[in-house]
Amino acid sequence: MDTEPLLSPLSPSPHLLHPLPEHAEVSTFSPPLSPCPSPASSYKERIIFGAHPPPPPPPPPPPPPPPRGRRYYRRVSGDDLDVPSCSSSPSPPSDEENPPPNPPSLFDFIGGRTNLHRSRTAPAMAPLNAAAIAAAAASGDSRNPPPPPRRPAIVLHAFLFLLAYLAMGVTFYAALPGNFTSSAGPTHPVADALYFCIVTLCTIGYGDITPATPAAKLFSISFVLIGFGFVDILLSGMVSYVLDLQEHLLITALKNPRSVRKHRHNYIFDLKKGRMRVRMKVALALTVVAICVGVGAAVLKRVENLGWLDAVYLAVMSVTTVGYGDHAFRTLAGRLFASAWLLVSTLAVARAFLYLAEMRIDKRHRAMANWVLSRDMTVSEFLAADIDNNGYVTKSEFVVYKLKEMGKISEKDIMMICDQFQRMDSGNCGKITLSDLLESHQLVTDLNEKKKGKKS
């Protein structure tokens, strides 16, 4: 009995090898908007958008018949596995029963996915319903957002408090003039009362008019505390507001292109930052102080009959709120002048001192900023600047770290901003979309309606 060997000693039968994807013929992809695309862009668009339907391939040549009495392998459709089919008298498979499959390619594999769509552009924002946008806009128009905090009428408030303060002091002094003693003698009850109130408010303390009874001393204690705690602060705010307003008007006038020789004032005004330079603020404040001292000395020499040295001495001691008490205003005209002059001069001196402190602080901040921006980043600073710990520092992270290092912002400010971002990022995806914004507006509207319903 003849046994057929399991392995043939002759040459093995040729296998059916499919061509690789890189050996397949690639048709040129030409998008409608680009007439002559490069091969690189063609490959990129084929990978992203998928392949066009390839032309029908030519019929492959029939495989050579295997030798008689030999085993052959045929492809069985199913799980894409080659299953050996044994037969004693095999017959070559016909092309009609088992047509050869088309050679697979990478583009066919990518193009067969259903989650990829052929799209030339990506949407700029999340697709939203037009009705939802219109409803959100209507709700935003119906509910008035809270207005930004505005500066109160500080000038009016300061003026009213000053009138109330002076009226209270003048009334008490004029009603009970015997409770106060004057070293220079009384002139007029109202003038002496107004002079006493202004000297007390400006914390000068000449000592020429003093309380003599316990009731007057109790009144003086409350009068000093009220004046020091409230009215003086309001007057300082009023002076700051008036000076800032004048500065804004000057800056606006200089920004007008019709103004002549506006570039010559850049030494005084910083037009880029929209403010007056600190040095010029100090110079102007000191000039105002010098004018106040000069005016006071001239009036003292004429009204109080003092020499120039004593007049300048008393003026300087008055505007700096020292008030030794060796000299004071003794005449009626002098006390009326002092009631207005002391109020303006002492506030001008205080503002000059604040500008001096601002100049020193600004100089220190500039030196710190130059030092921070001139040096390189170390490894520890890199790790500190990497906020999200992803191994690299973005431009925004670098800017935030440098601002923190220069003292422009603090960690508390950053945390407050991050908390606001987290509240607006309802999807917790690290970004704010228009849908998130509309959703937050809708939530705010619902909360307001619930509050109104509870109140009603």
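Every residue, even glycine, has its Cβ placed from backbone N, Cα and C.
As given in Swiss-Prot:
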- D386, D388, N390, Y392, E397: Ca(2+) 1 binding site (BINDING)
- D425, K431, D436: Ca(2+) 2 binding site (BINDING)
- 1-19: compositional bias 'Low complexity' (COMPBIAS)
- 52-67: compositional bias 'Pro residues' (COMPBIAS)
- 373-408: domain 'EF-hand 1' (DOMAIN)
- 412-447: domain 'EF-hand 2' (DOMAIN)
- 1-152: topological domain 'Cytoplasmic' (TOPO_DOM)
- 244-279: topological domain 'Cytoplasmic' (TOPO_DOM)
- 357-456: topological domain 'Cytoplasmic' (TOPO_DOM)
- 153-173: transmembrane segment (TRANSMEM)
- 223-243: transmembrane segment (TRANSMEM)
- 280-300: transmembrane segment (TRANSMEM)
- 336-356: transmembrane segment (TRANSMEM)
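Feature annotations (Swiss-Prot) mapped to structure.
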residue	record	DSSP class
D386	Ca(2+) 1 binding site	coil
Y392	Ca(2+) 1 binding site	coil
E397	Ca(2+) 1 binding site	helix
D425	Ca(2+) 2 binding site	coil
K431	Ca(2+) 2 binding site	coil
D436	Ca(2+) 2 binding site	helix
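Look at the binding-site residues D386, D388, E397, D425 and count other Cβ atoms within 10 Å of each Cβ; D388 has the fewest. Long-range Cβ contacts of the transmembrane segment (336-356) within its own chain (Cβ-Cβ under 8 Å, at least 6 residues beyond either end) map to 191, 194-195, 198-199, 201-202, 204, 235-236, 239-240, 243, 278, 281-282, 285-286, 288-289, 292-293, 295-296, 299, 303, 318-321, 329.
This prediction places the mean pLDDT of the topological domain 'Cytoplasmic' (1-152) at 52. Within 10 Å of the C-beta of N390 (Ca(2+) 1 binding site) there are 9 other C-beta atoms, taking all protein chains into account. Counting every protein chain shown, 17 other Cβ atoms lie within 10 Å of the Cβ of D436 (Ca(2+) 2 binding site). There are 9 other CB atoms within 10 A of the CB of Y392 (Ca(2+) 1 binding site), with all protein chains counted. Sequence-ordered, the extra residues of this chain that approach the Ca(2+) 1 site, with Cβ no more than 8 Å from the Cβ center of D386, D388, N390, Y392, E397, are A385, I387, N389, G391, V393, T394. Residue density at K431 (Ca(2+) 2 binding site): 9 other Cβ atoms are found within 10 A of its Cβ, drawing on all protein chains shown. Rounded to a whole value, the Cα-Cα separation of K431 (Ca(2+) 2 binding site) and Y392 (Ca(2+) 1 binding site) is 19 Å. The DSSP breakdown of the topological domain 'Cytoplasmic' (357-456), given as helix, strand and coil counts, is 72 helix, 0 strand, 28 coil.
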